[in-house]
Amino acid sequence: MALPSFSSSTTTFAISLFTLFLIGSSSAQLSENFYANKCPKVFYAVKSVVQSAVAKEPRMGASLLRLFFHDCFVNGCDGSVLLDGPSSEKTAPPNANSLRGYEVIDAIKSKVEAVCPGIVSCADIVAIAARDSVNILGGPFWKVKLGRRDSKTGFFQLASGALPSPASSLDTLISTFKDLGLSAKDMVALSGAHTIGKARCAVYGSRIYNEKNIESLFAKARQKNCPRNSNGTAKDNNVAPLEFKTPNHFDNNYYKNLINKKGLLHSDQVLFDGGSTDSLVRAYSNDQRAFESDFVTAMIKMGNIKPLTGSNGQIRRLCGRPN
């Protein structure tokens with residue numbers, strides 16, 4: 001069956017304008033060379049701190065990558081996820097007792113400020129740290145577009161509802177990403193970030209006890225560390241690797257697990273459950289280079305969501321509070 005096409009140039013132009021609006025027209029001001037003259041040592045400063053943090057705890061690489069996702073998905077990549085306060089994004093339900101790595105970002109900011117005071121935004125630090133985390137754990141390297149500025153406020157209400165849930169259906173995931181200008185292909189590639197990191201029992205407990213599209217021995221193995229009656233107890237915080245074969249290495253085993261019904265989260269397994277994204281999961285499971293290429297493309301695209309540039313926002317001196 002042939003895919004539908006738009007015959008009207010007016011319609012095509014309107015769609016192009018809409019997509020441009022979604023990712024933020026100021027994204028054109030982002031540049032790989034933004035700090036070439038202003039702060040050439042920024043990349044060394046960021047990577048040295050990330051390398052040290054990941055060497056101490058490999059999971060931290062996944063945590064820093066996740067910070068970038070959660071920043072960009074809530075009103076764009078503006079560092080708002082880092083702000084402290086009782087009504088900050090940190091305290092929103094998807095982030096509270098879940099997001100990690102703030103102290104690493106603070107350490108990076110301190111080191112960057114020592115060499116280039118008042119130049120590099122916290123938003124850009126999060127973007128570079130995410131790239132370095134992937135690369136240090138064996139994944140691809142790419143040039144990060146930079147020039148973002150920091151927001152002066154957080155968005156608690158938006159963070160409470162804008163982020164995809166681990167219980168999301170495939171249709172919900174596709175629509176959530178589409179609303180941000182990201183395609184279903186981008187969504188499946190970005191989900192591959194779950195090839196590293198861990199999840200709490202509170203997040204995956206329902207799947208391992210109640211869902212049918214899960215390999216039985218895999219479910220039983222996960223149940224040993226996540227009792228059925230753990231709800232509201234300390235065992236809710238017990239963790240399991242999102243990808244159990246090579247949990248500290250960025251590769252395509254995540255997709256291989258999905259084909260074998262060994263996705264830890266509901267929102268993982270729906271990517272391979274007889275739906276429209278099955279073919280992408282198969283492709284990535286068979287071709288790590290294809291996965292890495294599409295992952296990089298999607299990361300760059302996500303990093304272009306509504307950045308603050310020019311005179312908008314500010315360069316925070318401390319990432320946890322506005323100037």
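Quick reminder: no glycine exception, Cβ is built from N, Cα and C everywhere.
As the structure is a computational prediction, the values presented were derived from the model and not from experiment.
Under the heading domain 'Plant heme peroxidase family profile', TrEMBL lists 29-323. As annotated by TrEMBL, disulfide bond applies to C39-C116, C72-C77, C122-C319, C201-C226. Residues annotated as site 'Transition state stabilizer' in TrEMBL: R66. Taken from TrEMBL, the feature active site, proton acceptor applies to H70. What TrEMBL lists as Ca(2+) 1 binding site is D71, V74, G76, D78, S80, E89. The heme b binding site feature in TrEMBL is assigned to H194. Look at TrEMBL and you will find T195, T246, D251 tagged as Ca(2+) 2 binding site.
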Which of R66, C201, D251, all recorded positions, has a Cβ with the fewest other Cβ atoms inside 10 Å: D251
Spatial neighbour of T195 (Ca(2+) 2 binding site) that is closest, considering only the disulfide-bonded residues C72, C77, C122, C201 and their CA atoms: C201
Neighbours of the residue listed as 'active site, proton acceptor' among the recorded positions G76, E89, C201, C226, T246, D251 (Cα to Cα, within 10 Å): G76, E89
Under 8 Å by Cβ from C319 (disulfide bond), same chain, sequence gap 6 or more: G79, L82, L83, Y102, I105, D106, K109, C122, I125, D150
Candidates R66, C201, C226, D251, namely the recorded positions, that fall within 10 Å of D78 (Ca(2+) 1 binding site) by Cα distance: none
Mean per-residue pLDDT computed across the domain 'Plant heme peroxidase family profile' (29-323): 96
Cβ-based neighbourhood (8 Å from the centroid) of the Ca(2+) 1 site, residues D71, V74, G76, D78, S80, E89 excluded: H70, C72, F73, N75, C77, G79, V81, S151, G154, F155, A159
Neighbour-count leader, CB within 10 A, disulfide-bonded residues: C77, C116: C77
Spatial neighbour of V74 (Ca(2+) 1 binding site) that is closest, considering only the recorded positions R66, C116, C226, D251 and their CA atoms: R66
Non-site residues, in chain order, whose CB comes within 8 A of the mean position of the CB atoms of T195, T246, D251 at Ca(2+) 2: G138, I196, E243, K245, P247, H249, F250, N252, N253, Y254
Entries of D71, C116, H194, C226, T246, D251 which, being recorded positions, have CA atoms within 10 angstroms of C77 (disulfide bond): D71
Which of S80, T195, T246, all binding-site residues, has a Cβ with the fewest other Cβ atoms inside 10 Å: T246
